[in-house]
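Copied from TrEMBL, the annotated features are:
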- 52, 75: pyridoxal 5'-phosphate binding site (BINDING)
- 74, 82, 290: substrate binding site (BINDING)
- 438-449: compositional bias 'Basic and acidic residues' (COMPBIAS)
- 450-463: compositional bias 'Polar residues' (COMPBIAS)
- 261: N6-(pyridoxal phosphate)lysine (MOD_RES)
- 438-463: region 'Disordered' (REGION)
């Protein structure tokens, strides 16, 4: 019986790839136990006299981490092997290898290297920018096609660079990359003064993924690095295809994606991947100190449980649910005299106009968002027209809509990995009720206003 488990472990160690079929929990726990007893803190008769000996006061905490306490990496390199912690180091190496295999299977076939970093996407982007600083000491600008999401904007500020915001262009309902404006800004600032182009794949409709191929060509022509924010793009074959094509025709130095959004694990980790092995190694060496093994442990357990076939099945189901959500949301929009915005280039997020609410007032639009949230609908974003927000002394007009003046208010919904048909059906039922309630309340308000105005007019005549 043990030998059957060991054959699976041996295959993983030899191939470094995600097993095609998922493992059962007993195999995974045996594997983690085997790794843990390779760490010095778990040696029988170990005598630790250093300041970091993997001591844990709480048994509950120790069990939660499968007694893998030392973390990953060494003080100078997050990917380095730690002699005290052979098991944790092996865990780290295997996780990165399995993730690389999954990224290839998801569509970026020519990726050469990746590593899990125990920070979410924004800080991981910052790490990429700080690594580029040593290569381009004169550069102080980052060219950034606008996407209204705070963490990717703050990632540039935190790294000490000046974002150069390129406004999107409206094509039909879609907001797309202004390639001409990007190239004009490169010429105006001078390529040597630009740290990189910071583009985005996964985003909220009506913004769609950046024109990665064209941006990659510009970066190659002007010898400018290119960092892609692929936050939740691993789950989308279209986003991954864009990255593959961009690397094929031009230049992409690194692409960064979230662990929680793509692999359904707790927040706190990201993957930095790229096509130049030495550059990805440079980024890993830029990380100061050791790192938590929790994100690596979470994603490895998840992928071993699912197997490559299980993960691909989740991607297939996500795509099917996107089609279902799209068709059903269109029907609901038609019933309420609204429309599903036409955003064919966005493979994950959808948007439905809220013109009937918007024509009355912004309060009615934001109230709809509040109504949905109190009815336990999470993730749906309601975007009013013309809201202004200041982030790190930069003022964005029309914040959340990715442009200064989008033609209408709208509501977002996304088909992300793990979504079920039941989620879509419940969301649509609750949205339908909320829209009906909003319309009734708006009519009441109009009626009250009309009465108030007519009374005021009568009083004025009497006076």
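Glycine is treated like the rest: Cβ placed from N, Cα and C.
Positions of the features from TrEMBL, shown on the structure.
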| residue | record | contacts (Cβ under 8 Å, 6+ apart) |
| --- | --- | --- |
| 52 | pyridoxal 5'-phosphate binding site | 70 |
| 74 | substrate binding site | 80, 81, 82, 290 |
| 75 | pyridoxal 5'-phosphate binding site | 288, 289, 290 |
| 261 | N6-(pyridoxal phosphate)lysine | 202, 231, 232, 235, 416, 417 |
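Listed in chain order, the residues near the substrate site other than 74, 82, 290 are 70, 71, 72, 73, 75, 77, 80, 84, 85, 89, each with its Cβ within 8 Å of the site Cβ centroid. Residues 74, 82, 290 are the ones the record ties to substrate, and the longest Cα gap between any two of them is 9 Å. Counting every protein chain shown, the number of other Cβ atoms lying within 10 Å of the Cβ of residue 290 (substrate binding site) is 21.
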